[in-house]
Amino acid sequence: SFGVVYGDLSTSPLYVYKSTFSGRLRLHEEDDEILGVLSLVFWTLTLIPLCKYIIFVLGADDNGEGFPEGGLIPAGGTFALYSLLCRRAKLGLLNASDASDDDISAYNSGLPRKETVASSILKEFFDKYHSSRIVLLLLVLLGTSMVIGDGILTPSMSVLSAVNGIRIKAPSLHENYTVFIAGVILVGLFALQHFGTRSVGYLFAPILLAWLFCISVIGVYNTIYWNPHVVSALSPYYVYNFFKKAGKDGWSSLGGIVLCITGAEAMFADLGHFSQLSIRIAFTVIVYPCLVLAYMGEAAYLSKHKEDLQKSFYKAIPEVVFWPVFIIATLATMVGSQAIISGTFSVICQCRALKCFPRVKVVHTSNHIHGQIYIPEVNWILMVLCLAVLVGYRDTDTIGNAYGLAVITVMLVTTCLMFLVIVMVWKRNILGALAFVIVFGSVELFYFSACLAKVHKGGWFPLVLSLILLSTMCIWHYGTQKKQAYELNNRVCLDMLLSMGTNLGINRVPGIGLIYSNVATGVPPMFAHFVTNFPAFHRILVFVTVQSLTVPKVPANQRFAISRIGPPEFCLFQCVVRYGYKDQRNDTHDFENHLIETVAEFLRNGDNDGEAFRWETTNQQQSSPSDDVTASSFENLVSSESSKKTVRFRGVGCSKELEDLREARESGLAYMMGSTCVLACDTSSYLKKFAINIVYGFLRQNCRHPAIALGVPHTSLIEVGMVYRV
């Protein structure tokens, strides 16, 4: 976790003092102001990362998931808090039509069920005012947008701050050269991402540990050598004294001081990559003490060298170790960038699974921890935007203004969501929740006001970026919901379709047809459109609906739900396949085998009197026979190893339906999906037409095709064109 989670937080000493004294505070370069800044940094580090995140927020991990090696892999980030509220308190708009979250047994224990007075009042408020749910979703998407903004600003800020150290030894060096070097480092960093979080973490962890060791030792040396009395600045009295003397200029400087907690949100966002215990121990035992010592030593040096405030970090390094520390600092900023890049991948993956982000390719880089992912498209877009920020701003002070606003906004969103989690999910006393908001929210609001005052000095960038991302996610979610609502409202009654069969002369061809749609009951309009134009379909039809639930993972024994459509002679089935937002989708061969076996087990169990059947499987990895399995080998696919489970058709005592299923599987399997064009109605407003016809249409055309996202083989795909007027 050192190499992934704490890089950003640990490299903040590079720029905190420089950014703090870059504005009007440079008019107050006295001991009281320097010690006041140190006191503010110490208490900010103590209150926000240590108390808020390590003690409280990491407990809201959206149900830690079991891991073969015994660790926990919880899902972190603002969407983790939102999914808890959606599932436990029913506050969400996402998947509102899917009540199936409740029967995921792995997520129905461990939390109190009895409603408190406060939780009942809040629940009644959200039920009464539907607009409050929309505001809540917008708040979550705002926090998510700011996290993605952090993924752009962090690498630029960190790497440029480190490379600027060259100019301490070469003052005549033009800034174009430092910008070029920083750009090369950033390109190399993003090129490493495809190796995966685990590989990158193992590579970067020793670098970060060396960095923490260097800054803590130098901090102790500077404190003893220059001014041991700076230890007294740990008293909160110096905070009071700082604002008393600096006044409004001291408040304005908070935009620089807040940079000392940049990366704290990564501890929560990266919970899908590492366990709570590793993150808590690493911060409390090593990261926090080392950072306090580093800031203390830098303040001790500055108290005797006030002329070096604009170059304080590198000036405070003893001459004999300057170049080794410079090299380690440059490498450590790459580590710092990695922390937020990993967090960005995590939150985008969660948004995508909950239909709030266009479909992108998600590569799982670990065979053991599904939370360790890599998103190629996002990776390269982040790289281009990082280089644009680097070349456009060139100045760490201006980037810092944008950076601070993005960071503190995410923290404010987390505080607001935690209030609802404490009251409505944990069912705790509302006084405790109010104390949480008052203590941490007031501090963050104080910093937020200072950062907001610097919008005209670079702080506009995260606001504009978050507005673009927020609009994109809202439009994608809105368009997807409208598309699903159209399919639900225009589904065809099975009796009507069957009554048309005699008039259309429908033929049944050999094989199995998987009809993908968002309609969990009835016949999707796409299939009815197909049959009326091409009156033939497969001997066995399975209508497949893929549901993304607001739980991290769906247990394997609750993945599939099978039910029959119509009388047995029609051979029509409905299959609901459920995934959590951190589930890895199976490959095509596995999916086909699992689905067919589910249907076979459903038939063997005598249809369960028409009730839905859930397929249970072992925890081990399942085998996947190839497509060209012969009839004789297909009947004998029962493995001798008890840990494996494959498609089985027993030749003795096999019913007529099982025999038909076997023959259909031998004949082949085809997938049918809709290739829909979603357009707004002619009577719609211009705003809706712009959102649906232009923005949503552009996103659908340029994101990953649904067949590719679901792993459907191109050679077995049938696409049905249709226009939806929503």
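Residue numbering: from 1, along the chain as shown.
In case you wondered, yes, glycine gets a Cβ from its N, Cα and C as well.
What TrEMBL records for 1-498 is domain 'K+ potassium transporter integral membrane'.
Annotated domain 'K+ potassium transporter C-terminal' per TrEMBL: 510-725, in sequence order.
Residues or ranges marked as transmembrane segment by TrEMBL: 34-55 (among others).
Per TrEMBL, transmembrane segment is recorded for 67-85 (among others).
The transmembrane segment annotation in TrEMBL covers 134-157 (among others).
Sequence annotations record features per position, and here TrEMBL assigns transmembrane segment to 177-195 (among others).
Long-range contacts of the transmembrane segment (202-224) within the same chain: residues 1-4, 6-7, 10-11, 13, 192, 230-231, 286-287, 289-291, 293-298, 300-301, 316-318, 321, 324-325, 328-329, 331-332, 334-335, 338, each at least 6 residues beyond the stretch ends and with a Cβ under 8 Å from a Cβ of the stretch. Feature annotation from TrEMBL assigns transmembrane segment to 202-224 (among others).
According to TrEMBL, the transmembrane segment annotation covers 250-269 (among others). Nonlocal intrachain contacts for the transmembrane segment (250-269), taken as residues 6+ away from its ends with a CB within less than 8 angstroms of a stretch CB, comprise 5-10, 12-13, 15-25, 28, 33, 36-37, 40-41, 44-45, 48-49, 53-54, 57-58, 76-77, 80, 147, 150, 154, 157, 242-243, 279, 283, 291, 295, 336, 339-340, 342-344, 346-347, 400-401, 403-405, 407-408, 410-411, 414, 446-447, 449-451, 453-454.
Residues or ranges marked as transmembrane segment by TrEMBL: 281-301 (among others). Outside the transmembrane segment (281-301) by six or more residues, the chain places 1-2, 5-6, 9-10, 12-13, 16-17, 34-35, 37-38, 41-42, 45, 49-50, 54, 209, 212-213, 215-216, 218-223, 225-228, 230-231, 233, 260, 267, 308, 312-313, 315-316 with a CB less than 8 A from a CB of the stretch.
Annotated transmembrane segment per TrEMBL: 321-348 (among others), in sequence order. Taking Cβ pairs closer than 8 Å, the transmembrane segment (321-348) reaches residues 3-11, 14, 75-79, 144, 147-148, 150-151, 154-155, 158-159, 161-163, 165-166, 168-169, 185-186, 188-190, 193, 197, 200-201, 204, 207-208, 210-211, 214, 218, 263, 265-266, 269-270, 272-273, 314, 357, 360, 371, 373-375, 378-379, 382 in its own chain, all 6 or more past its ends.
Summarising the annotation, TrEMBL assigns transmembrane segment to 369-391 (among others).
Marked as transmembrane segment by TrEMBL: 403-423 (among others).
According to TrEMBL, the transmembrane segment annotation covers 430-448 (among others).
Sequence annotations record features per position, and here TrEMBL assigns transmembrane segment to 460-479 (among others). Within the chain carrying the transmembrane segment (460-479), a Cβ under 8 angstroms from the stretch's Cβ atoms is held by residues 94, 138, 141-142, 144-146, 148-149, 152-153, 351, 355-358, 389, 402-403, 405-406, 409, 678, 691-692, 695-696, 699-700, 726, all 6 or more beyond its ends.
Packing against the transmembrane segment (177-195) from elsewhere in the chain are residues 155-156, 159-160, 163-164, 166-167, 203, 330, 333-334, 337-338, 341, 363, 365, 374, 376, 379-380, 382-383, 386-387, 390-391, 394: each is 6 or more residues past its ends and has a CB under 8 Å from a CB in it. Residues 44, 47-48, 51-52, 56, 116, 118, 254-255, 257-258, 404-405, 408-409, 411-412, 415-416, 418-419, 422-423 of the same chain lie 6+ residues outside the transmembrane segment (430-448) yet bring a C-beta within less than 8 angstroms of a C-beta in it. Confidence across the domain 'K+ potassium transporter C-terminal' (510-725), taken as the mean pLDDT and rounded to a whole number, stands at 73.
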